[in-house]
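Chemist: Before I ask anything, here is the structure I am working with.
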Amino acid sequence: MNWGIFEGLLSGANKYSTAFGRIWLSLVFIFRVLVYLVTAERVWSSDHSDFDCDTRQPGCSNVCFDEFFPVSHVRLWALQLILVTCPSLLVVMHVAYRQAREKKHQEAVGKDGGRLYLDPGKKRGGLWWTYVCSLVFKAGVDATFLYVFHSIYPRYTLPRVVKCHAAPCPNVVECFISKPEEKNIFTLFMVITALICIVLNLVELAYLVSKRCRECLEARKAWSESLDHRLDWVTSSSKRGDLLSGDLIFLGSDVPPPLLPDHPQDHVKKTML
């Protein structure tokens with residue numbers, strides 16, 4: 001299988017990923033894809049031919065091998081790696097779609113007509129949801145495959161000897177697995193790297209969600225402060241308007257103030273007396 005195509009496509013995902021996403025991508029390529037290509041296929045290449053049973057009954061070895069290895073490790077890992085890397089390709093395609101829309105918009109309205117996206121690769125709007133869903137999907141795929149491996153091979157380890165009793169075997173026969181310790185080492189290595197990838201995906205998901213919540217709270221706080229400022233300005237303006245209108249009514253009134261007497265001379269006389 002040619003993994004160079006996936007490497008070339010996923011290399012562009014570094015530009016649109018966070019620091020945790022770049023670590024995850026490096027971990028996938030170095031500790032999963034390369035280990036799979038260099039060692040895993042060679043370790044499991046002769047697992048069927050080296051699976052020996054203590055019987056010469058025709059077909060017994062094949063039946064026992066299929067019973068103990070219902071699915072090949074190598075094929076499961078290949079399917080796991082394909083499904084894990086596909087969401088990153090969706091993010092790259094989403095960015096390419098936004099860039100194409102922005103280019104068409106610029107050709108239609110010109111440079112002075114505004115822009116649809118200030119930065120097509122910035123995780124906002126639909127791209128943010130695509131990226132978050134990709135993280136959830138990648139963590140779910142790794143967790144599902146870890147459960148499948150554990151259900152088929154308990155504790156992710158292979159014994160040296162397995163006992164089989166299935167037709168056409170005449171009775172309970174013992175079968176021997178070639179290089180079980182070597183296979184167990186690589187199996188545990190792939191399991192540990194998958195767990196680390198799950199943790200990185202969850203940490204990146206928590207980082208993106210917390211960052212988005214913090215930005216929403218800051219925007220709401222700024223909006224409330226702006227609203228309070230406008231209300232204060234309107235209230236102060238209305239008070240000034242009421243004061244001015246009261247002064248104008250007082251100055252323009254023909255009726256004298258109620259505290260002044262009708263005849264000032266009489267008031268002066270009474271005061272003098």
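The backbone N, Cα and C atoms fix where each Cβ goes, and this holds for glycine too.
According to TrEMBL, the record shows the following:
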{"type": "DOMAIN", "residues": "42-75", "note": "domain 'Connexin N-terminal'"}
{"type": "DOMAIN", "residues": "141-208", "note": "domain 'Connexin cysteine-rich'"}
{"type": "TRANSMEM", "residues": "20-39", "note": "transmembrane segment"}
{"type": "TRANSMEM", "residues": "77-97", "note": "transmembrane segment"}
{"type": "TRANSMEM", "residues": "128-149", "note": "transmembrane segment"}
{"type": "TRANSMEM", "residues": "185-210", "note": "transmembrane segment"}
Chemist: Note the mean pLDDT of the domain 'Connexin cysteine-rich' (141-208), expressed as a whole number.
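Modeler: Across the domain 'Connexin cysteine-rich' (141-208), the average pLDDT comes out at 89.
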Chemist: Helix, strand, coil residue numbers for the domain 'Connexin cysteine-rich' (141-208) per DSSP?
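Modeler: Within the domain 'Connexin cysteine-rich' (141-208) the tally stands at 44 helix, 8 strand, 16 coil.
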